[in-house]
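Sequence annotations record features per position, and here TrEMBL assigns transmembrane segment to 25-47, 209-229, 235-259, 291-311, 317-336, 343-362, 389-420, 441-463, 541-564, 571-593.
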Amino acid sequence: MGCCGSTERTKREWKPLEDRSCTDLPWFLLFTVFCVGMGSIFGFTIATGGAARLVFGYDSYGNTCGQRNEQIEGVRLSGLDQTDKKYVFFLDPCNIDIVQRKIKSMALCVSVCPDEELKTYQDLKRFAVHNGSELCSYELAGHKYPSLPERFDKCPKLPVPPSKSLPVFNRCTPVDISCYAKFAEAVVTFVSDNSVLHSLIAGVMASKVIIVGLCLLALVLSMILMVIIRYISAVLVWIFTATVVLGSLAGTSILWWMYIDYRLTVNKTLSKETEDAKEEAEMSRDNAQVLLVYAIAATVFTVILLLLMLFMRKRVALTIALFHVAGKVFIHLPLLTLQPFCTFLALLLFWFYWSLVLLFLGTTGNPVQNEETGLTEFRLTGPLQYMTWYHAVGLIWISEFILACQQMTVAGAVVTYYFTRDKNKLPVTPILSSSLRLMRYHLGTVAKGSFIITLVKIPRLFLMYVHNQLKGKENACARCMLKTCICCLWCLEKCLNYLNQNAYAATAINSTSFCTSARDAFVILVENALRVAAINAVGDFVLFLGKILIVTSTAFAGVLLLNYQRDYAEWVLPLIIVCLFAFLVAHCFLSMFEIVVDVLFLCFAIDTKYNDGTPGREFYMDKALMEFVENSRKLERVAERGRSRATEVVSVEGAEMKPMPRVSEQAPAVLHKNNVSR
């Protein structure tokens, strides 16, 4: 399987784009079996009639509308032929609990939905006679509605509102849909009574063309920024550096100023001899002590921060060089910009399928009579109820699998770009080549990595659910423990996501299994820990500034385009919509840029570790990274030359400071030398 502790060689011989082979095949088979299980749930819902009951609807006796039904044991009025009755009609349409999937109102199959308001039982009788659609329970004759004593329980609540059938789901829904939920009534009332909200909605409707245009502008700006960010990354890094340094210095200075001001206040108060003045002086002295602690802590933090900035300045230069190369990657691989669209489309299609099957599961199972209402419902009982949990796990695992496929595809394309010396010999479509390699060789690796994320995400989501259910009921200690566990699992998930991303890149380079690739990538990252910290800290902030730049540019363009509207209150909602969309688009595209930078860094670290630029071990890196390496070597040579000179000076000074021999000791030696010369 190529997992940790496997028989694969422990010392990795990095051979980019060579020795391609299938990886983690057992995990691919496991994921395939899991997907077959997901499909089996869909087939089960269709075979048992759950899908038909959802689409065509069913009455309170278990009969599916528009079909011939079989008798359900123990349920009266079941097994009816409802071929001519294709629509579901609820006797009390405003008494449906959709959240709990419980039908509190009796449902019947009817041939025609009432298209006009029926105020009396005579109207119900007339509608049944003329249209052949009986709106009361099946055992009641339509022509006897006004005189039957059961009409109060088994006939619809008067007045019956006019309704129409849904286009796909054959339900008779009231034209006035506000009765479906109390909050809908509140919203409708608020909208009808609130002139401000009226004006905001009117502003959105009047500016819909501008909103669409601004959303397209945000999309274009995001694509442009991914290309030009290599030119402005240095400026953004300096802005980040200046902001951090000046902010820390300003905060420290303000704390010291507040401390000095408190000390002066205490001295002035102590000069007074009143009792109140002494109490005030004691309080001021305590505050001054606290401010002193804060000021000292801020000073220590500022000094450490300045030393770190000074020590990591070369690594910041590496971040700038990586941003420069990443911009070139998007020029050579323009199809990378389409990856967010493809991933979003794949997720959207899967989520639609998953939601549809979940709805099918809601109408699948064995017929059970509700003890409260006496109506027939379909529920999953026994082992079948675990299908819902299986389906829920599938939502997380397959969603993570789709995201991991994007990461592997991008990593494969970037690896191809980096380790191709002659960029003119790149494949015609590196993205397509990377996708084909993924589908042919590495789906098992992606399945394994996404499963690990799923194992961490499921308990975190479960704890979040428990925390929401116990809100206001648990004690402070339990609440703190839950939040701590949720936070720890979130941090673990983020770390694993980062490690998985680098493991996918290592797999794209060396075609090794997931655990082997994760181990090799982890070793490389640990060896370059300071560089990783600089890239993540500085790079993330630069990308955040890029997102802010896109949002502010889009908002400024929106202000200019909306300037013709004199009522400035109408600007608010359109601008909020545009800014939210701009931030979402910028986040999607710049997250792609972040993945490219991380993969480039791993390739760079491998390149510098196993190559030194000598014949036979030439670098693969881009010119910008080569300049960074040359500058680093020059600085190292200068530093080494300085250390050697310092060593020579110390040795010379040590020789000069040796003690001279005494004259009495030198005299015999001199005389002996003179005698020999004679």
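Backbone N, Cα and C atoms are what each Cβ position is placed from, and that goes for glycine too.
TrEMBL does not curate its annotations; it predicts them automatically.
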Any contact between the transmembrane segment (317-336) and the transmembrane segment (389-420)? By contact I mean 3+ C-beta pairs closer than 8 Å, pairs at least 6 apart along the chain. yes
What else in the chain is close to the transmembrane segment (25-47), if you only count residues 6 or more beyond its ends and a Cβ gap under 8 Å? 1, 353, 357, 360-361, 363-364, 387, 390-391, 394, 397-398, 401, 443-445, 447-448, 451, 514
Which residues of the same chain, at least 6 past either end of the transmembrane segment (235-259), have a Cβ under 8 Å from a Cβ in it? 229, 288, 291-292, 294-295, 298-299, 301-302, 305-306, 309, 316, 319-320, 538, 541-542, 545-546
Which stretch, 209-229, 291-311, 441-463, tops the Cβ pairs under 8 Å count with the transmembrane segment (541-564)? 209-229
